[in-house]
């Protein structure tokens, strides 16, 4: 496996102020694997990703390629190979597309072709056409692509994707799925939180059902989706 | 027949050409628990803010017991008997738990501009009774900022009850709570609604809370109501299943 | 016409330094959210450093080399301060960082006296730019034309640095979303330090470039520039470099033409414009709403409560002890005692707005000063002392009602800056309305009536005012109104949902606090026998701020020990050493780092820990 690293989290617990959101989440992601976190809004998927990235105070352990990173600040985790694409995209609205890409630039990782603006523009032709446009003047779908491209500029080994298809038109969702598949083919490990069933099926190898801040079930995407459907309608799935 | 407690008539709101809420109408009866659900971005928050007075609708009216309150701001709706709780529970962290409730009681009595007298001695019995009701009797003297989150939610409920509301708006009442606490809180809200004939409208992502405690459910999708009815009917509704689970999800 | 052009060019030249200082301040605030009060001190250091270097380096190369070297040296000093002091307190509320940098400012004012002496130092003229150039028949100094050109060049350079370099792109990104920048692998620490250093280099450059205009280097030049720079930054919009440029032009031209056209109101003009801009555009000309609000001003885990019986007994005993001072002390001690008592009342009144109300005020001296002037004007008009003691607070009340109405409509730093603007307007009126206020000469002969003339009686009077005032404020804090005020501070949205109007509650608090500050001011006029514009000045406002923060803004009792300690220390240090500011500033810095919750806060923490471990 060329690109990805092993990511492992154990007993992650986190709270926003006094509101506890995570109650001991554990997961493991193999190199080159795509793992989906499935669950309702507010179940703790986003917080799981933020806790792994070091963006919310959390307890528990996080290992990247065997190294314990749980005590490192977010920027050091990023330098070690974690790439984070936030749920609300958090594009720098005053910066142009090229400038947004620049903020993500990190040195190449050995043993893999580095991401460059040219490569990313080939991957997302839309962005190439608007390279001088301000982030704030882009549509949601374009911003989502930019957010992913910006993170890729850092040549991450593990990608954390938070709701990449949320609020996007179906055509753009398909494009995102293609992009994620291409990254997987390059060997990146990807942890994705997602509510869109079709999208999850298209990209994920496995899924975890997150509920009320804990992992409720693990299995294939199909199994987990069925479980989620049953839960939502209050019918007994067991 | 007398007017319903709360009535929304043709409410609409657009942001820069995007219709967040389109022509939403419904009613709520005293003592009823009405849940508002729908996927992210369906317009729940917008609708809720229009009912709470934080947002002014582009079209439509909000009636409280037949009276048009569409143009009454949030601070004025309190006096008319509208209480509300927030998604991220909002209390006064550096006041004691009892003082939190006393603030609400003093506000109802119109006494908050009094410069004389001790606030901590006013409406004490009523404050303690309310705290007892939500199960916080033992925590009255602690700082609200020190409470566990489940208790903060309870305190918020007591604050909302402080003006003896006729209508209670609860935005995701169980968000951020542990599972056992959620059921307790919903049971408490339901008991209070029944005992005091308060109409409760709540949004919620936790389906257990919705299907376990609502008398009726409204389902919102892309700004419009797509279903309305008792839990069993809504659960079986094919449109609801599609919206919540995506087209492909089988039964 | 020609005169107007010449004056316009003078304004443009003055705008250059102002822009340099303000753009640095704005950059620093945009990225680090620190309101750097020490910015003026670094400007001053820049001037002194350039002066010193120019004495030692010869020729044009030496002259210009000295300017650049001075800016770089001072910039390095600024970076040092950021790394050793500010890094410790980034998570603290904004006002604590302001207090820390205020402490540094105090220290530097004495350091330059220590190194260079108290005299004004006249710098060398710029080689090659000593003469004047004729522009449309008017003689304009060549150096001024150089500055006129330099301002836009610096703007261009800064703009290019921000737009075209990786560093600039990261700075702009961090101004919008610091956490996202960190998630992309950028070490914020060094980004902050570099921005801070650049901001300080610009300030020092501004100082160094002022000398050849004929302005002297002196140890009080920091205050004037920091106030103007604050005004420029606020008018332009916090964090906006082009905004700072626009506002610097506006302010400098207002100054240049104000003196020409409306000399009577020239000092007020700038602040009037700032008030108008803030009321019309709450975020300045080119500013944006601030993103996330950081740590609240008042955070306390212990609900405020009235004294218990034993505590009240202790308080009464201490008051009785204070009342016995005339038995032990002479006239000087009693006058110091009276002054301390009046400042206790002054600080306690500010604390109602800041501690209970959660609103920062940089201009509380306005109400102290209005009280003093109200009393003094009444005496001048022939009123007896008691009537004058009523007139002072009344004037303060009117001022607080008028100013407060505007201030409660803004929030955060902008609201605080508006309080400052109003205080400066009041100051400028007192300074320039010579016919009524006596201007700089003040009003003199404000002596107490015969019954209150003895030092002991006046001390008792001041003490009684302070004790009653503090008791009254405590009563207000624990009244239903005080509860409403604290509720609004804790959570405005929740308070609104409970039917409380934030603005009305805070406005009323403003009025009460202003009136009591006026009582302190009125008595102060009689204590000193005179009133000068200083009683409305920024240093006095900052003193009050320091007293409240040092005492502990999150406690009820805080302002009392804070005022006693700060006032006594400054009086004692002034009489004991020539370098009182150095010591006082050092103490302020040490306390901010060691006891971020103030003296009373630290004491209560200690007590709570004692109780927890039996």
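Don't overthink the numbers, they just go from 1 along the chain as shown.
The backbone N, Cα and C atoms fix where each Cβ goes, and this holds for glycine too.
All annotation found in TrEMBL is predicted automatically rather than curated by experts.
Database features, via TrEMBL:
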TRANSMEM  C:6-27  transmembrane segment
TRANSMEM  C:34-51  transmembrane segment
TRANSMEM  C:95-117  transmembrane segment
TRANSMEM  C:145-162  transmembrane segment
TRANSMEM  C:190-209  transmembrane segment
TRANSMEM  C:229-252  transmembrane segment
TRANSMEM  C:259-280  transmembrane segment
TRANSMEM  C:313-334  transmembrane segment
TRANSMEM  C:341-367  transmembrane segment
TRANSMEM  C:373-406  transmembrane segment
TRANSMEM  C:458-485  transmembrane segment
TRANSMEM  C:505-526  transmembrane segment
Maximum Cβ pairs under 8 Å to the transmembrane segment (C:313-334) - stretch from the list C:95-117, C:229-252, C:373-406, C:458-485 = C:458-485
Who are the chain neighbours of the transmembrane segment (C:373-406) in space, where the CB to CB distance is under 8 Å and they lie at least 6 residues beyond its ends?
-> 275, 278-279, 363, 366-367, 418-419, 422, 426, 430, 436-437, 443, 445-446, 448-449, 452, 506-507, 510-511, 513-519, 521-523, 525-526, 530-531, 535-536
For the transmembrane segment (C:95-117), what are the same-chain contacts with Cβ under 8 Å, counting residues 6+ beyond its ends?
-> 34-42, 44-45, 48, 51-52, 81, 85-86, 89, 217, 219-220, 222, 226, 297, 360, 542, 545-546, 549-550, 553, 578-582, 584-589, 592-593, 596
What residues in the same chain, six or more past the boundaries of the transmembrane segment (C:458-485), come closer than 8 Å to it by Cβ-Cβ distance?
-> 304-306, 319, 322-323, 325-326, 334-335, 337-339, 341-342, 344-345, 348-349, 351-352, 356-357, 448, 452, 495, 500, 505-506, 508-509, 512, 516, 519-520, 523, 526-527, 556, 560
Ranking C:6-27, C:34-51, C:259-280, C:341-367, C:505-526 by Cβ pairs under 8 Å to the transmembrane segment (C:229-252), which is first?
-> C:6-27
State the residues, same chain only, that lie 6 or more residues beyond the ends of the transmembrane segment (C:190-209) and have a CB under 8 A from a CB inside it; answer 'none' if no residue qualifies.
-> 16-21, 23-25, 27-28, 31-32, 34, 36, 39-40, 42-50, 66-67, 70-79, 82-83, 86-87, 90, 147, 150, 154, 167, 170-171, 174, 181, 217, 221, 225
